[in-house]
Amino acid sequence: MLIIPAIDIKDGKCVRLTRGDFSQKKIYLDNPSDMAIIWRKQNAKMLHIVDLDAALTGEMVNIAAISDIVANVDIPVQVGGGIRSVDAVKSYLDIGVARVIIGSAAVTNPKLVEELMHIYRPSQIVVGIDAENGVPKIKGWLESATMQDYELALRMKEMGIERIIYTDITRDGMMQGIGYESTKRFAEKAGMKVTASGGVTNSSDLHKLEGLRRYGVDSVIVGKALYECNFPCQELWYSFEDEISIDHNFSTARQKS
């Protein structure tokens, strides 16, 4: 199971929200690139970045910060948040982002996905489905789609999408455990590669998700649980923090040259 640390960027800072509520914002670091390096030191193999400002406005105001992250780590970076055009996708891929996530636009403008799949490889474009009780939520989770989550996934599959990032928003940022049953139901019906998200609290959640591998769930995005140091191994990493540089043998990470 690939564990993907999440970095949410708001006003240029690394933050975490609770259930997507901007009024419940906690700032963890002023420089998101520093956060990326910390996760890489702890042997992250991929990073999940969300531009919260872009999600609100559609403007890529944090692209410089994201570019800095890409330049400073030697692992793939996937980016989502307010991506609504081919030009936006191109801009991210041009700075070295490995994978771009289409969210609300998959519902409001499915032709965008169709166009992107004619231009880019399936490995470069994924769709994020944020669902509540099986219904996709869009536009900052303020509106509901008129179809079920798995129905949206199957439409995307027909267009060539191979992977879905599936978030149970009732669990997101709540530290109440992964939405195991909702993720299982979705993965069974979609029949696609699935990255789970929302609610991971501790290692027991990760062990539970291992049971969903046969349904295509092969990775998980972890946010607040990592930031709140809910995993015992993090105590080891942080106890040696002053001695570990990005290119130190203690980590498999290597600084980009």
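Glycine residues also receive a Cβ, built from the backbone N, Cα and C atoms like all the rest.
Per Swiss-Prot, active site, proton acceptor is recorded for Asp8. Long-range neighbours of Asp8 (active site, proton acceptor) (same chain, six or more residues apart, CB within less than 8 Å of its CB): Cys14, Val15, Arg16, Leu17, Ile49, Val50, Leu52, Gly223. In the three-state DSSP classification, Asp8 (active site, proton acceptor) falls within a strand.
When secondary structure is read from DSSP and collapsed to three states, Asp130 (active site, proton donor) falls in the strand class. For Asp130, the entry in Swiss-Prot reads active site, proton donor, with the evidence type sequence analysis.
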